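Written below as structure tokens is the structure these notes are about.
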Amino acid sequence: MNTPTTLWQRQLAEAFSSVDALCRHLQLDSSSLPLLPQFKDFPLRVPRGFVDCMEKGNPFDPLLRQVLPVQDELQDFPGYSFDPVGDLNAVAQAGVIHKYQGRLLLICTGGCAVHCRYCFRRHFPYNDLQLSSQKMNQALDYIITRSEIKEVILSGGDPLLLSDAKLCDLLENISRIQHVQRIRIHSRIPVVLPARITDKLLQTLASLPQQIVLVIHANHANELSSDVAVACQHLKQHNVTLLNQSVLLKHVNDNSNTLCRLSEKLFIFGILPYYLHSLDRATGVGHFEVSEQRAKQLIQSMQETLPGYLVPKLVKEQAGAAHKIRLA
Ligand SMILES: *Cc1c(COP(=O)(O)O)cnc(C)c1O
Ligand code: SF4
């Protein structure tokens, strides 16, 4: 990795990568937890700002559960696989996933600021398929020659992990394509590393002729700190539309009060709830699954409590389908 130069890059370099250090910091006895012996493909990674939102001494903290590698990950669940949503079939060329009409997804990088244990792309072959600088022009050509593509979605990994120089260059290159009307960024970074929302990024986003949508990824109200509020406020001031998608996760947010609190806090931050995703069945994540029946009950209960615009759409991703599937 390059020498960190900016605040967010320093914070990223200082993220927890040792389970023992994290447990010590949280005043937890690591020997009493059902930990996975660390494995190198998908090690612990969690920025300190996110850890600051966890409750000390609580091994069941809903944020901790999202990042702590536990033995449950070794359990085999039927129907779970390495490519649960059919990403690999939809790879048009390196870095480009073209699955849905009018929208196309760029795999900007394989890296993330946080390693979420439930991640559906935790087995994705990023080394071959992420968008390296060499493959960038081919990806742009793919978009240029297809006038039906109205929206380009930056995904990953986490696209905001790119440096400002690379990211702004990419955004500007996409923005020059006439038929692209919207640019969407899917990122967990505004939540886990809000210092990444730099002035340079904000200036660039505001300067683009396209409408910009940023879909953040928060699963629990406790993730939404005052630093996150400031980053969101800056994004709003620069005309970025903010949406949230969550994943429904057992023992993290599978409770209607928890989900309602999340929606209400999102709205205070200027973010609209977009999707509540049912878990994608990637190997190693089955212990997070919530049944479809329970998911529908939760949405029903949210509908009874909240105004319609604060109830996210309950969806699942289905390999080969032309769009995400609504469950309720
Ligand atoms: C979710 C997703 C999109 C965007 O779908 P929307 O329903 O428009 O949010 C695009 N491409 C892929 C591969 C996706 O998984
Ligand atoms: S930020 Fe998204 S892509 Fe990265 S590990 Fe978490 S869920 Fe996976």
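Placed from the backbone N, Cα and C atoms, the Cβ positions cover glycine too.
Keep in mind it's a predicted model, so treat the numbers as computed, not measured.
Copied over from TrEMBL:
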- 98-310: domain 'Radical SAM core' (DOMAIN)
- CYS112, CYS116, CYS119: [4Fe-4S] cluster binding site (BINDING)
- LYS324: N6-(pyridoxal phosphate)lysine (MOD_RES)
Segment-level pLDDT (mean, integer) for the domain 'Radical SAM core' (98-310): 97
Recorded positions near ligand 2 among CYS112, CYS116, CYS119, LYS324 (Cβ under 6 Å): CYS112, CYS116, CYS119
Residue pair LYS324 (N6-(pyridoxal phosphate)lysine), CYS119 ([4Fe-4S] cluster binding site) - Cα distance, angstrom, rounded: 17
Intrachain C-beta neighbours of CYS119 ([4Fe-4S] cluster binding site), sequence separation six or more, cut-off 8 angstroms: PHE42, CYS112, ALA282, VAL285
Sorted by sequence, non-CYS112, CYS116, CYS119 residues with Cβ within 8 Å of centre, [4Fe-4S] cluster: VAL114, HIS115, ARG117, TYR118, ARG121, ARG122, ASP158, ARG188
Listed recorded positions adjacent to ligand 1, that is, members of CYS112, CYS116, CYS119, LYS324 whose C-beta is under 6 A away: LYS324
For LYS324 (N6-(pyridoxal phosphate)lysine), the number of other Cβ atoms found within 10 Å of its own Cβ: 17
Cβ neighbour count (within 10 Å, all chains shown) around CYS112 ([4Fe-4S] cluster binding site): 21
Protein Cβ atoms within 10 Å of CYS116 ([4Fe-4S] cluster binding site), excluding its own: 22
